[in-house]
């Protein structure tokens, strides 16, 4: 089975919101990604709506259903509703995405930069996982590769984990990928042994994705946004998506 590509379109919304208009059109960009071979679309709506807004989530849900591809909504399940942000659970009730990825990011974070600490908030997290699964959504938890308690994600009711790959990308760029890859491979093995599916995301790029997939077993899906959109500035959006699809097709999911 080929690892699936879910394109995160947050950066398209960042560019649109910087001018306060409707361009670039997030839905049109997502449609182009799907046409180029993306297997799904990811969004991460935040309470401050600095990029993806609630109305984008509804529109992208309709688009992904029209094209029969996966819709993955990321977000902090503990963030309460405010203003025009109805809360992650309510957005998922309205759209019933195929996958919900829970991320413990705070309002002040520029981007997601750490996974869950399963020593905290486990009871509330388990209750929320149950609520999302009642919607028919697969639930994935954002985790650090070095977390010794990855198997607890299964105990809490999660279906998958998403490995936070920022540290790997940094190590790869500095020529020190081997140690990081060993850590991520071990994390994937521990997750698989616990019955969890494995996703990965954050700072994966055309330069480092192939090495990651060659070393880390069983990666079912990668979520890529910032690098893909950055590369699209030089290559074009269609070509950038196709380049990732080609990398994924050159490998396969190994147990």
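Glycine too: its Cβ is placed from the backbone N, Cα and C atoms.
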- line: 3-amino-2-oxopropyl phosphate binding in Swiss-Prot involves 8, 19, 225, 226; of 48, 55, 203, the partner in that site is 203
Alpha-carbon distance [residue 44 (active site, proton acceptor); residue 8 (3-amino-2-oxopropyl phosphate binding site)] in Å: 8
Query: How many Å separate the Cα atoms of residue 202 (active site, proton donor) and residue 74 (active site, proton acceptor)?
result: 12
Query: Relative to the Cβ position of residue 8 (3-amino-2-oxopropyl phosphate binding site), how many further Cβ atoms are located within 10 Å?
result: 25
Field: Integer Å distance between the CA atoms belonging to residue 44 (active site, proton acceptor) and residue 162 (site 'Transition state stabilizer')
entry: 14
Message: List the recorded positions among 51, 74, 203, 226 whose C-alpha is within 10 Å of the C-alpha of residue 44 (active site, proton acceptor), in sequence order, or say none.
response: 51, 74
Message: Can you tell me the CA-to-CA distance separating residue 225 (3-amino-2-oxopropyl phosphate binding site) and residue 74 (active site, proton acceptor), as a whole number of Å?
response: 13
